């Protein structure tokens, strides 16, 4: 085990504070509509330009072990806020820095760190209660667009795209952000359920121009096993032929005699049929087939459930208004499933999302949820250069998470105003002793930091702006740093999602109070470089003849 370097008390906190300041100062220049860009060096390719707080925070690694510990703790604040609300990372970092600075001063002055922490916790509780009380539900499409615009740094085009996407796929729908191949940013919406499996044989194609299978008012057979024998399928095919409706088969695979018969029947026009492979693998495949069954009002045919294919009748098949299959994807639109069944399945998937600890599983569950609940929207971000596209994509990502958060918990006045107003409520918080009171005071001072920083980034005097905002009683009154005017923030469309503001203060206070209560730090001592090998003896060059 290598030797360790141990620091105590004031020295430990000072080194840690230096790291906090380096990271926070790099991140906070991005705050607000007039925030600046940060250029990140990449080991290969062009440098990356971003205005996203968490992206900057993740790049920072310091040489000094103790400073680095402080920086990494604050980086945790930014990434936790990004995970929970998808935005508000810079606000959280600014708040954490302000609380740590004031807290470190109080500890150095001899106050009890644990009482300071209790005071901070009491203050945060009161702030969150005030934010929730003043939160306003998002009702209109315009408000969603405003939230998106603010998060995308005042880019109203991005706000409008997000509002359109949410309108089309619903609040539960999946919105993905990709890089476009063109200069323009565009929105592409897939309604209904789409999965990434195409037709098994091109002979099933009905629209030769687009190389696509299109079927209206189709029956859907959902089978878990491979289909190779024709005998087990025959009774069902005869029943479907009599209805005159098309049939789509979703199975692990269709091969041999079964595939040949289906293709021949399709070409002779006796039966409109198409077959696709089942999506996913293993347990996820079973779950997705069950989703398709619930969406279409059919049954997943599985021998585990004791259902044999030869015993299947028409009532066990799913139905859909339209099914489209191309080489790579299958889309089922307007399935005939009962609304109550679909809602129950959605609730079940939501519960699984809450419980899962794996990011990959969560992402896959959210995809399944979207396919059941609404659809998938893809925003393709365009730009003149690769650097511009990446920077824009960062902003669209932020804005997408912010609009989701706004729909979930409502909105508050932006520009740091909601936190400023909440600081006024802390005067009435009751504490048990003076040290706890100081803890509350630390948070009260810190709550003005985001509004002050936004003003500083816009070239104004932060303290003057904060003073003027607090002079007015009106809750939504604040400073629009884009235009330089004092306005009603909500009616001007400068709004923040409640969830973003709430998680920012909770995460900042949580990590900051840990830093304040730190009394010792342990880091590995840098290893001394081993001495190099001795030089060979001087003289002639070895192995040479003269």
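Backbone N, Cα and C define each Cβ position, glycine as well.
The ATP site recorded in Swiss-Prot includes 30, 31, 32, 33, 51, 87, 88, 89, 90, 91, 415, and the single candidate from 188, 196, 326, 496 that the record places there is 496.
Of all the Cβ atoms in the protein chains shown, 21 others lie within 10 Å of the Cβ of residue 51 (ATP binding site).
Among the record's ATP binders, 30, 31, 32, 33, 51, 87, 88, 89, 90, 91, 415, 496, no two C-alpha atoms are more than 17 Å apart, and one pair sits at exactly that spread. The secondary structure of residue 88 (ATP binding site), as reduced to three states from DSSP, is coil rather than helix or strand. Under DSSP, residue 51 (ATP binding site) is assigned to coil, being neither helix nor strand in the three-state scheme. Of all the binding-site residues given, namely 32, 88, the one with the smallest number of surrounding CB atoms inside 10 A is 32.
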